[in-house]
Amino acid sequence: MSLMGSIFICRSHLSENRPPSTCSFFFLIILLVQLPFLSLTTAQASHCRTTCGDIPIKYPFGIDDGCGSPYYRHILVCSDSGKLELRTPSGRYPVRNVSYSERHILLTDPFMWNCQDTDKFRPTRPFSLDTSTHFSLSPQNEYLFFNCSEDDVIIQPKPIFCEHFPDRCDSSCDSASYLCRHLPQCPSALSGSTSCCSYYPKATESLRLMLKYCASYTSVYWKDIGSPQPYDQVPEYGIKVDFDIPVTTRCLQCQDRVKGGGTCGFNTQTQNFLCLCEERNVTTNCQDHSVSGHNRRVGVIAGTVTAVSAAGALGVVGGVWYLKKVRAKAPVTCGVQSNENRLF
């Protein structure tokens, strides 16, 4: 039954002096039943987006479910304003850049200290990564901690301290850090009474403990600028996160332009590999006509269709119950809930 047909039936019911609420629920039932098919049509016409703002989205990442590698599913989010964000257990962080050749993502943590804060330290929270993913903190990051308690944190010049206590070297926060003495972009932002030390936490729990006894912290990474050594790197604020690219033969064959130039993806139900083509999805490549194709983006839309279908079924059951109730009793005053017309 079409939506126009349901409207015609509603008009017929109104002409027979049937309650208006009956017509409204009847129309709602038809809409809920047909909504899955409308969603299906829309999803089949969509493709994997290749950009978010001015940042390219390539394998292994995807911002549409079913695109890219399942290892990075639901990790990257493209906001309505076109801003790319990385989702982690500690929150969502703006992505400044993605390097597929060097395999790293550059993040900004708005909760970290910056030059504008000077000695006014804001409440912060520790950055963390999901250890089950293929992400890892780059060794090019350095963390600077400010105004730490000397009773709880070992704050010592690291070269000298490590010579005397080699077994405790990794636990010390280096007060002789080059970055503490040369803060990027604002070397004089901190007053002389503010202490600073450098420490690389090997686990999220270590970072939490440090922030428990320190006023704030920030992350600095070393950026390659292509100059001759030793001036080939400069410090900049941000968090560099390394990632792996799961390379499979099927994905390489799928991406091969000679074989159709498909997009590597996966079935959202089984997470099995799919080669996403213009007209169909296959398990090999877009030029392989010996295998039967899947509906366009079937893996991507399966969850949506199931959810909407369930909503439609609930709407039908609730509508039938309500129609029986309306026919059995005359409606009471509109907007007034009583024992006769309450729904729950």
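Each residue's number is its place along the chain shown, starting with 1.
Backbone N, Cα and C define each Cβ position, glycine as well.
These come from TrEMBL:
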SIGNAL    1-45  signal peptide
DOMAIN    48-108  domain 'Wall-associated receptor kinase galacturonan-binding'
TRANSMEM  300-323  transmembrane segment
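The residues of the domain 'Wall-associated receptor kinase galacturonan-binding' (48-108), classed with DSSP into helix (H, G, I), strand (E, B) and coil, number 3 helix, 26 strand, 32 coil. Each residue in the domain 'Wall-associated receptor kinase galacturonan-binding' (48-108) has a pLDDT score, and their mean in this model is 95.
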